[in-house]
Structures are given as C-alpha cells and as structure tokens.
C-alpha cells in the first residue's frame, strides 16, 4: 500500500520530467486529461452545490437525506480543491514551478479527509437502508441522530487527518514523499475499504431479498383485492384499511411494511354487511379510492427501490474507482511518457467520486429533481424581483 501511494506521486514527477518528442498523441492526451478534469470540476461544483442547497431548504429530511447532504459537502470542497491541484500536474512546466511542501501536504490532507469520511458515510448509508427496509419500525437511525453523527464525523476526520498535512514533503525531484504517518493513513483507508465492502455486500443483499419478498406479497395482495372485488360486486366499504403513503422518516418503508402485515394477517377488505344505499355511487367511489391507494403504495415502493439503487451505485463507483487507481499505480513506470500519462490518468480515477453523488442521486430520485426545480425557480424569482426595473 505504501509503495502504491508513493508511486502515485512519483508517477506525476516522472511523467513531467521525461524528455523527448512523442508527437501529437501525447499532446492530445494532455488536452483530453485537462478537459475531463475540467468537466468533473464543473459537475462537482454545480451538482454537489445543488444537492446541498436542495437538502438544506427541504423541510422534511430523512436520515438518508442528511447523510447524502454531508457527503455532498465533502465532495464539493474536494472537487474544488483536489481537482484544480491535480490539473496543475498535467503540464510539466506548471508542476515544476508550483510543486512545494504546502502543495503536497494540502493535497494529501484533502484526499485523506474525503476518502475516510466518504467510506464511513457510505457504510452508514448501507446500514441505514437496511434498517429502513428490513427494520422499518426501529427508529435507531433517526434524523436527529443522523445530524449528530454527521457533525461528529466531520469534526473527527478534519482533526484526525491533520497530521496528514505534514506526512508528505516535496523532494528535489519534485514528487511528494511520505513517511510513517502517511503509511498509517493509507492502511487505515484500506481497512475502511474492507469494512465498506463487507457492509455493502451484506446489507444490500438483505435489502434486495426483502424488496423481492415485498414485491411478491404486494402482487398476491392485489390479486386478492381484485378477486374480492369480483365476488362481492364491489361491496367494499369506503373505510377499508389499505395503507396510505408513509409520512415518517422511513422514506415510505412503513407503507410497504404495513401492507405486508395485512397480507400475512387478517383480510381487512371484507365486504360490509350493511349494503350502501346507493350501490352504483358506492362502487364508483370505492373503486377510485382503492386505485389511489394502490398508486400511492406503488410510488412508495418505487421510491425505496430507486433510493437504494442510487446509494448502491455510488458505493460501487467509489470502491471500483479506488481499485482501478491502485491497480494502475501498481505497474512499473514505463519509459514511454505516453504510457506514463495514461497510467497517471487511471491512477487518479478516484477523483470521479466527487461527481457520483449528484449524478446518481439526481438521476434516480424524482423527488430530488422536483425539489431542485422548485429551489431554482424560487431563486430565479428572487433574482428577478431584486433586479431594477
């Protein structure tokens, strides 16, 4: 592990100090690298900024929303600091002129703080999704506790990672060397990766099994409802107890759990022994209410699935990006500067984690997109009102 992280910084130095003319391919790769980093920086700034803004202005937050907002804050500052600093290493002349003790220490500090905090947050989110899906009536991870945890985690990582600022120093050959302190942090990150991998595999496997089971129960329940509807001639009371959407902190999970309990217990959709006075009107009203309830439950189920999928994809990208970086940096440094630049690009693949949160969260969460539209519309209206006529 220690050799891999030394290789990361040594690779940048060797890439920039090799002389020779490899023609346009090398210049093209430099441009591609710079363009990719620029795009990532724009997405990290805009995407994470929107996530923080939307979640901050949201009146009702679940524990998952708190974790996502905290992770977006870390990704925002990481993208605004680490990506521009990495862009300095694209050109040899810029690197030689600007690399210093402060550069090495600051970049290392940002990487460590972001990596450690994100690993812990993703592990916590995995447990949170498990609790909401498989233990919906257990309020162990409430919104208030999530806020306290995120505040404590932020303070802890910022303080504990402070020695990382002094763990690396620039050398005469312009690459950052690290000592014992840096090695301790790097092995700590590796340990957290193992914890994250195990936690993710176990919790999301259990969540997937639970969601499949609930889907089967829901299908069976809907079939029973349709059967009762045909047998009783729609003589179902308007006060039947098909569960409505949850307004709790459990992201709609209580809705699914309640419906599962109904399917396993008594059937609450029995015909009312008192026939309605107006059979046709009663049948029409009951049918509308029933369809609305079913639609709300399906929307709650879909919300749970998409939120879980988004968190799983963010975790997968986080782990795979670091694995790719470690694999790329484990190979010996080639004498060809084009290969060295390619190796450097793959060796910094972990930078993509700055944008995975807003990309997957915005893509899979329709509620987040609605909130984003509302917040941006509100900001636009406020701006128009402040402008002079």
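Numbers run from 1 along the shown chain.
Positions of Cβ are set from backbone N, Cα and C atoms, glycine also.
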Transmembrane segment range according to TrEMBL, out of 7-30, 31-54: 31-54
Residues from the same chain, set at least six apart from the ends of the transmembrane segment (187-208), whose C-beta lies under 8 A from its own: 1-2, 112, 115-116, 119-120, 122-123, 126-127, 129-130, 133-134, 308, 312, 315, 318-319, 322
Non-local residues, at least 6 beyond the ends, that sit with Cβ under 8 Å of the transmembrane segment (341-364): 7-8, 11-12, 15, 26, 29-30, 33, 36-37, 40, 43-44, 46-48, 50-51, 68, 71-72, 75, 78-79, 82-83, 86, 89, 111, 114-115, 118, 306-307, 309-310, 313-314, 317-318, 321-322, 324-325, 327-329, 331, 333-334, 372
Contact yes or no, the transmembrane segment (148-167) and the transmembrane segment (66-86), 3+ Cβ pairs under 8 Å, gap 6+: yes
Same-chain residue ranges lying at least 6 outside the transmembrane segment (306-329) that approach it to Cβ under 8 Å: 4-5, 7-8, 11, 64, 115, 118-119, 122, 125-126, 129, 133, 193, 196-197, 200, 204, 207, 211, 251, 343, 346-350, 352-353, 356-357, 360-361, 363-366
